[in-house]
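Asker: Take this structure, written in structure tokens, and hold onto it; I'll ask about it next.
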Amino acid sequence: MSNQLGVLNALDAAKTQWYHFTAIAIAGMGFFTDAYDLFSISLITKLLGGIYYFEPLSEKPGTLPPRIAAAVNGVAFCGTLAGQLFFGWLGDKLGRKRVYGLTLMLMVICSIASGLSFGKSPQGVMATLCFFRFWLGFGIGGDYPLSATIMSEYANKKTRGAFIAAVFAMQGFGILTGGIVALIVSAAFDHAYKAHPYNVDKEHSTVPQADYIWRIILMFGAVPALLTYYWRMKMPETARYTALVARNAKQAAADMSKVLQVDLNAEQEKGDKIGTEQFGLFSKEFAKRHGLHLLGTTSTWFLLDIAFYSSNLFQKDIFSAIGWLPKPETMTATHEVYRVAKAQTLIALCGTVPGYWFTVAFIEHLGRFTIQLMGFFFMSVFMFAIAIPYQHWKTNNTGFLIMYSLTFFFANFGPNSTTFIVPAEIFPARLRSTCHGISAAAGKAGAIVGSFGFLYAAQSTHHDKVDRGYNTGMGVKHALLMLGAVNCLGMLFTLLVPETMGRSLEDITGENEEDNGHQQTFSVEKVPV
């Protein structure tokens with residue numbers, strides 16, 4: 001007979017119900033906001049350069065100096081990394097629900113504040129923008145371990161992977177919405193305030209009103225988060241936290257009775273104690289049971305994000321390199337935002353969004369391990385396929401778009417989804433949020449390496465083609481070859497990650513093992529209709 005607690009058994013066996021979808025929507029809107037906020041910055045960096053770093057004697061529009069560009073692009077990642085570690089730990093200490101509203105409010109306040117960056121000097125605007133984007137990232141970081149843990153602890157065992165993947169898939173819509181909002185705002189300003197291209201009229205190619213464009217785009221990130229705040233606060237604490245960590249049998253039964261529409265009676269005297277062996281994160285017991293798992297989840301997420309974020313944040317450089325974006329001097333600043341947003345929206349529609357939902361559809365059939373291995377394999381194949389005949393793609397835009405979209409498709413129908421799902425399943429309840437936070441923080445460290453490293457590495461090998469303020473780099477071709485090699489390493493480290501498909505969380509983590517002592521157990525009775 002299974003030693004599974006009755007209330008958790010009821011959750012594992014529950015049919016897919018309305019509360020599953022509300023949980024996906026509530027947690028998913030957090031991820032929608034996360035992706036919108038993190039990726040919208042790549043749409044506006046050229047505009048910021050044009051507005052605040054205009055040089056009248058230069059033949060090209062202003063660009064952000066290297067250090068400023070690195071700070072503006074990367075500071076949110078630094079905040080996210082810190083937030084993942086801090087809120088991951090806090091989610092295990094105080095409970096998932098108590099911390100969940102805090103991260104959302106931080107995201108709302110900092111989204112609005114980052115659009116209100118003050119001062120007229122470039123230094124003042126960039127300093128306040130970076131300050132608020134750090135704290136925005138801090139809030140976003142908390143959303144990773146909390147959303148994943150809440151969804152995994154609410155879900156039934158048959159569809160748990162698909163539900164966590166659906167939460168993560170909202171990222172795709174966030175990226176897409178970022179592009180669409182930028183398209184609408186830039187088109188409206190382009191229509192309302194006419195200007196000549198930079199090579200015709202340097203002084204007036206950026207209209208003064210363009211300063212509102214980037215502010216509106218950044219501030220819109222607060223809207224979806226604000227809409228779900230009320231529902232986040234209404235969610236009960238997860239039964240797994242209440243029963244296994246807080247040890248409150250009655251509360252777990254009462255909360256899940258409402259959610260599942262069944263009667264759950266806590267019977268204190270029955271059974272043996274389950275999972276009472278309290279080993280800590282830095283104990284020998286944890287290293288023995290979960291050490292390799294933690295190495296697997298951290299290393300694969302780290303390697304994936306080097307490739308994923310460096311490709312995503314520098315789309316506009318790649319688009320320029322293959323001729324998708326006209327030369328900056330032939331456009332107005334407002335029209336350039338429109339063209340960058342159009343290209344990013346196309347990539348999101350073709351590769352990013354479909355990949356996430358393929359994971360949702362197939363994860364309970366193929367399993368986490370297979371999808372992750374397959375994703376890393378195809379990402380390296382397509383990165384090499386773009387990089388090796390790189391000159392060929394400059395004349396074949398359609399082929400390039402297909403290859404580049406497929407890279408993103410297999411990142412999302414692959415390790416970008418699975419690295420988020422697995423850490424929410426393989427660690428014990430009292431360390432689940434912490435370990436997910438550590439794994440996610442390793443990922444963000446990879447994103448920082450990818451975005452800062454790629455910024456310098458992808459610079460042209462020719463002095464005359466290098467962006468102002470940068471040294472020559474290895475060129476986009478060699479940078480892509482390196483990213484392909486990183487993906488091959490990802491395949492290797494995937495071998496450390498166990499398969500969790502169709503199993504109860506407590507079976508995976510070993511929390512069903514019997515110890516001596518007494519345990520609060522539960523019996524389940526259907527509510528008479």
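Each Cβ is built from the backbone N, Cα and C atoms, and glycine gets one as well.
Sharing the feature lines straight out of TrEMBL:
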DOMAIN    23-502  domain 'Major facilitator superfamily (MFS) profile'
REGION    510-529  region 'Disordered'
TRANSMEM  21-48  transmembrane segment
TRANSMEM  68-87  transmembrane segment
TRANSMEM  99-118  transmembrane segment
TRANSMEM  162-189  transmembrane segment
TRANSMEM  212-231  transmembrane segment
TRANSMEM  345-363  transmembrane segment
TRANSMEM  369-388  transmembrane segment
TRANSMEM  400-418  transmembrane segment
TRANSMEM  438-458  transmembrane segment
TRANSMEM  479-497  transmembrane segment
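Tell me about the setting of these features in this model.
Answerer: The average pLDDT computed for the domain 'Major facilitator superfamily (MFS) profile' (23-502) is 88.
Beyond the ends of the transmembrane segment (162-189), by six or more residues, the same chain brings 20, 23-24, 27-29, 31-37, 39-40, 43-44, 147-148, 151-152, 154-155, 207, 209-210, 212-213, 216-217, 220, 334-335, 337-338, 340-342, 344-345, 348-349, 352-353, 355-357, 359-361, 363-364, 412, 416-417, 420-421, 424 to within a C-beta distance below 8 angstroms of the stretch.
For the transmembrane segment (345-363), the residues of the chain that approach it from at least six positions outside its boundaries are 161-162, 165-166, 168-169, 171-173, 175-176, 179-180, 183, 315, 371, 401, 404-414, 416-418, 421, 501, judged by C-beta separation under 8 angstroms.
Within its own chain, the transmembrane segment (438-458) has Cβ neighbours under 8 Å at 66, 69-70, 73-74, 77-78, 80-81, 84-85, 88, 141, 144-145, 294, 297-299, 301-310, 313-314, 317, 419-420, 423, 470-471, 473-476, 478-479, 482-483, counting only residues six or more beyond its boundaries.
Residues 292-293, 295-297, 299-300, 303-304, 306-307, 310-311, 368-369, 372-373, 376-377, 379-380, 383-384, 386-388, 390, 415, 422, 426, 450, 454, 457-458, 473 of the same chain lie 6+ residues outside the transmembrane segment (479-497) yet bring a C-beta within less than 8 angstroms of a C-beta in it.
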Asker: Output the single range from 21-48, 212-231, 369-388, 400-418 maximising the number of Cβ pairs under 8 Å to the transmembrane segment (99-118).
Answerer: 212-231
Asker: In the same chain, which residue numbers or ranges, 6 or more beyond the ends of the transmembrane segment (400-418), come under 8 angstroms Cβ to Cβ?
Answerer: 165, 168-169, 172, 300-301, 304, 307-308, 311-312, 318, 322, 346-347, 350-352, 354-356, 358-359, 362-363, 368, 371-372, 374-376, 378-379, 382-383, 385-386, 393, 490, 494
